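Enquirer: Reproduced below are the annotations present in TrEMBL:
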| type | residues | note |
| --- | --- | --- |
| TRANSMEM | A:9-32 | transmembrane segment |
| TRANSMEM | A:38-57 | transmembrane segment |
| TRANSMEM | A:90-111 | transmembrane segment |
| TRANSMEM | A:118-135 | transmembrane segment |
| TRANSMEM | A:166-186 | transmembrane segment |
| TRANSMEM | A:207-229 | transmembrane segment |
| TRANSMEM | A:235-259 | transmembrane segment |
| TRANSMEM | A:266-288 | transmembrane segment |
| TRANSMEM | A:294-319 | transmembrane segment |
Amino acid sequence: MIIMSTRRWALTAIGLVILLALPLLLPNFWLVNIFGRALVYGIVALSLTFLAHYGGFVSLAQTMVAGVAGYSVAMMAPTAIPLGDMALPYALAIPLAVFAATMAGAIVGLIAVNTREIYLLMITLALAVGFSLFAQSNITWFNGYEGIRNIVGPEIFGRPFRTPLVFYYTALVVAALLYLLVLYVVRTPFGLVLQAIRDSDRRTAAIGFHVGLHRIAAFALAGFIAGWGGVLITFYNIGITPSSIGLWATVGVLIMAVIGGLGHPLGAFIGALIFALMDTFASTIIGHDRFNTLIGMVFLVIVLLSPDGIWGVGGRLAAALGGRNRNKNADGGATR
Amino acid sequence: MSVSRRHRTAWAMGTVAAVFALSGAMAQEQPPIRIGSITTLEGPFATGGQDAYRAMEMAFEAIDYTVGGRQIEWIRESSNATPDVALARARKLIEQDEVDIIIGPLSGAEGIALRDYSRTLEGRTIVNGSSGAADTTLRDPSPNFFRFNTEGTQWMAGLGTHAYEDMDSRHVALVAADYAFPYAQVFGFMHEYCELGGAVTKLWSPLNTTDFSSIIAQFPDDIDAVLLIQGGTDALAFLTQYAEVGGDLPIIGGSITADQTLLSARGPHQRLMEGMVAAGPIADLNDDPNWLQFVADYRERWPDGFDSPSIHAVNYYTNTIAVLQALEEVGGDLSDNQAAFQAALASIEFTAPTGANVRLDGNRQAISDIFLTRIVNDGGTMRTEAFGRTPDVSQTLGMEADAFLALGSPSRDNPSCPPA
C-alpha cells in the first residue's frame, strides 16, 4: 500500500535519519527533556490531530484517554508506590493499558456519537474534567491527590528505561510507527469514509455507510494512539497524578496540536516540540516573573499569523516554491 | 626505539599538560556552588511562592552569596503546583543548568515527585522548600531528599490534648475538606484526642464548598466544640454561615484555617473567630527573640511584602539556612558525590526563625517544635498568637516508626473514634 508519494517517503526517511542521529549531536538533557518529551506528548497530540483533521472531531478527551492508559499501567506496574493488588510484569501491563485506552476512546466516541462542533467540545471537556476529579477523590484505586508514583518503566535489552538513549529511541520508534499508522489508515477505505463523514455526514449516510460506527471506531483508534502516549508520559514523569490529566494538561495538548498545525499528523510533533522548548526556556529568556506572558504571546503570534499553525506556514512556503517550479517546468509538461 | 621515543614524547607532553592544568586550577578561584530552586510563581499558591523567594534572598544576602569560600550562584525556577511541571523544572535545573543542590518545591504532590526523582540522581541533593505531604519522607524515603520543615500531621501536635484537657471538650464535630492534607491534619489531632478518650463525629465536604447548611444541620446535640480543618474561602463560608445561624461553640482550627483570607475578611464570622485555637509551625505574634528579629529584618528588606512572613517564607528560609550551614561546615566541599555535605546535612542542628529547634530523623525529616496558637484582636487587626509550644515533635509523633506505620495512612476513615 502506498502511504505517501516517493518524494514524501524520501523526506520522511531523511527526517528519521536525522532524529536517529540526534544522540550523536545533543546532550542528554535535550535528548530526553526536549525531544523525548516532545515525542511522547506529541503522540497524544497526534491522536487529536488524527480525529480533528480526518474526522472533523475536535475532542478534548484525548488527555483523559491517555490518562486511562497511564493510570492502568501505574496500577499494574510492579514498581508502583503504593503497589496495587494486580501487579503484573510490564510486558503484560503495557498492552493491557493500551487496550484500556482503546476501550476508553470507544466509550468517549459512543457517548459523543451524536454531537458535533461546540457540543462535542463540551461533552469531551466534561468527561476530561470529570475523570480528573474522580481520580483526585478516589483513594482506593487512584490514590487521590498524590497519585501513583515510582512508575520507572520496563528494562529494555537489560537497560533501565530512564537511560536517556533507551527512553529516546523507544519514544522515537513508537511515535514513528504511530505516525505511519495514521498515514496508512487515512488511505484505507475506513479512512476515506472518515474523511467523507468530515465533509458531509448526511451524504455519507445516504450512500449507505454507518456514520456512527465509523465515528466510534475513529475514537477507538485515537484512543489506541493516545494510550501509547499516556504510557510513555507516565514513564517519563515517573508516575501519574490527577494533575497529569487535569485541565491544564488537556489545554496543553490542544495548544500543541493547534500551533503545530491540525492540517497534517506531523504538526502534532512540531507543536509539541515548540511547546517543550517554550515551556523549558521561556523563564531563562525573560525571567521567572513574566515567562507565561512570553509563552502566551508566542502562541498567539503563531496562531494569528498562520491559523493552520507552523505546518501551515511550511505548506504555504512549499506551495509558493512549488508554484515557481511548475512555471519553470511549464514547457516540460507534467511534473509527475 | 621509535616506540620508546614516542613514549617519551607522550610522557613529556602529558607532564607539561598536567602542570598547566594544576597551575591553572590553583590560579583560578574555586567554581561557584550552583543552587537551584523551585517554587510556585503561577497558579493558586503564587503569592506564597513569591514570599518564599523573598525569604531565600534574605538568607543568601545575609552571607553575601558566599559560603565556605565559594560563591553561590542561585538559579530560580517556577512551577504551577503540579508534580509534572515541578519534575520538568527539576530536570532542567539538574541536567541543563547543572546545579549541585535544589531547594524546593512548595506543594505536597510536587514534593513526592521530586523525592522519586532524587532517588535517580547521584551526587546531587534535593532539599525541600515548603511541601508537607507525610509520605515524602515517611514511606520509601530517598537518600538524596532532605526536609527541614515539619509536615501536616506534626503541625497538629498538642492540639488534641489542649482540646481535651484545657477546653474540657469530650465530643467534637469535624468539618473538613475531603483530600489528603486535611486527612493528615485530622490524623494528628485525633491521634491525641481519641487516645485521651474524646469522640469525633466526622463531616467531610468537597474542596470549594460554598454552602455548609446541610453540614451544620448534621451537628449532634452533645458536641462541645467544632474542629474546622478548612482553608481560605471554605473556612470563611463555614464560619459565616455558622455565625448566622447563631452558633456559639468554640472553634478549633487546622494549621491553614487562620490564613489571611479569614483574618482580613470582615463579617459575622469575626465573632466566632476571636479566640479560635489552632496549632502549627508559626504564629504571627511570638515573643521568641529569633522571630522578632526575623520579622524586623523581613519588614525592612521587603517593605511591600506581607505584614508578617508567611508559612512558605519560613519553611523555605529554614531549609535554605540548613543548606548554607552544612556547606559552611564542609567548607563548600561537594566532592565525592557530596558525601561529606550530605552527612553534614543529616547531622546539623540549628534554630529556625520561629525559635524552634530543628534536627533530622533517620529518614531525613525534621524533628522540631510546634506552636499552639490562638486568634487575637491586635488593635483592630486579627492575628495569630503563640500561647504554647510542643517541643521536639517527630514525624511518628513520638512513637516507634514501625508502630506508627502500623496505624496506616491517614484517610477519611483512619483514625476513627465515633461517639458511643
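Quick reminder: no glycine exception, Cβ is built from N, Cα and C everywhere.
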Enquirer: Which range out of A:38-57, A:118-135, A:235-259, A:266-288, A:294-319 gives the transmembrane segment (A:166-186) the most CB pairs under 8 Å?
Expert: A:38-57
Enquirer: So which of A:9-32, A:90-111, A:235-259, A:266-288 is most in touch with the transmembrane segment (A:38-57), counting Cβ pairs under 8 Å?
Expert: A:266-288
Enquirer: With Cβ-Cβ distances below 8 Å as the criterion, list the same-chain residues six or more beyond the ends of the transmembrane segment (A:207-229) that contact it, or say none.
Expert: 40-44, 46-48, 50-51, 54-55, 57, 59, 62-63, 65-66, 68-69, 97-106, 108-110, 112-114, 174, 178, 181-182, 185, 190, 193-194, 196-197, 201
Enquirer: Which residues, given as numbers and ranges, are at least 6 beyond the ends of the transmembrane segment (A:235-259) yet have a Cβ under 8 Å from it?
Expert: 36-37, 40-42, 44-45, 48-49, 52, 60, 62-64, 66-67, 70-71, 74, 125, 128-129, 131-133, 135-136, 142, 144-153, 161-162, 167, 267-268, 271-272, 274-275, 299, 302-303, 309-310
Enquirer: If we skip the immediate neighbours and take only residues 6+ beyond the ends of the transmembrane segment (A:266-288), which ones have a Cβ under 8 Å from one of its Cβ atoms?
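Expert: Distal contacts: 33-35, 37-39, 41-43, 45-46, 48-49, 175, 179, 252, 255-260, 294-295, 298-299, 302, 309-311.
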